[in-house]
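For reference, the structure is listed below as structure tokens.
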Amino acid sequence: MQVVSGRIDRPNVHFEAPPRTVLEDELDQFAEWFNTSRTDAIVDPLLRAAITHLWFVTLHPLDDGNGRITRLLTDLALAQADKQSVRFYAMSVGIMANRKSYYEILEQTQKGDLDITEWIVWFCKVLNETFADVLNEIELTIQKTNYWRKVDQTKLSSEQTKVLNRLLDGDFPEGINTSQYHKLSKVSKPTATRHLAYLVEIGCLKRTDAGGRSTRYVLNTA
């Protein structure tokens, strides 16, 4: 099994899986290591997840679906490290978000010697980014929940609710102006002006210090 690109007559071989003659023994070794290393106090659980990913994707035992199974095994190893079945993050999300650098470091590691340090550094870096992204999403969800607890949504139109949700999602970090409200809510500009004034009046939004056409409206989280 080879992963190639380029011309048919002059292919660029990115990766070549172990031959079928040794694959079964290699898979047995991997399975034994995966099962025994789970309870091995010497093996760091995050490094175990990184090695699990690299080892299985390098074995490449299937004609199709190796990437999906590798990501599932990686998430399983991380779940075992957390010692709980429910997690708020998935390494597979981080890998898919960094696909270009993923394939680059994978090819570099598989074509190199037995030193997998750079792979582990990349894996831990992306895992850390995944943690940060999830924590940010959790924080935004909490902020959103707390905000809506203070608002009587029966007093809002569907357009006003939509705009407030977009602001809560961070889509307008500098605030929203009348023109943006008009485009987002698909109401007329006079209606957009009235909506924004009403949202300020009931305490959902507040005006920025800038006046005139520079006036923007931000969430009132006080």
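One-based numbering along the chain as shown.
Note that Cβ sites are derived from N, Cα and C of the backbone, with glycine treated the same way.
Copied over from TrEMBL, here are the features:
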ACT_SITE  His60  active site
BINDING   Asp64, Gly65, Asn66, Gly67, Arg68, Ile69, Thr70, Arg71, Tyr102, Tyr103  ATP binding site
DOMAIN    1-125  domain 'Fido'
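Taking the Cα atom of each, Asn66 (ATP binding site) and the residue listed as 'active site' are about 6 angstrom apart. For the ATP site listed in the record, the two most distant Cα atoms among Asp64, Gly65, Asn66, Gly67, Arg68, Ile69, Thr70, Arg71, Tyr102, Tyr103 lie 19 Å apart. Cα separation, Tyr102 (ATP binding site) to the residue listed as 'active site', rounded: 16 Å. Under the DSSP three-state reduction, Asp64 (ATP binding site) is assigned to coil, being neither helix nor strand. Cβ-based crowding with a 10 Å cutoff singles out His60 as the top-ranked of the recorded positions His60, Arg68. Distance from the CA of Thr70 (ATP binding site) to the CA of His60 (active site) is 9 Å. Look at the Cβ of each of the binding-site residues Asn66, Thr70 and count the other Cβ atoms within 10 Å; the largest number goes with Thr70. Tyr102 (ATP binding site) is surrounded by 19 other CB atoms, counting those within 10 A of its CB over all protein chains shown.
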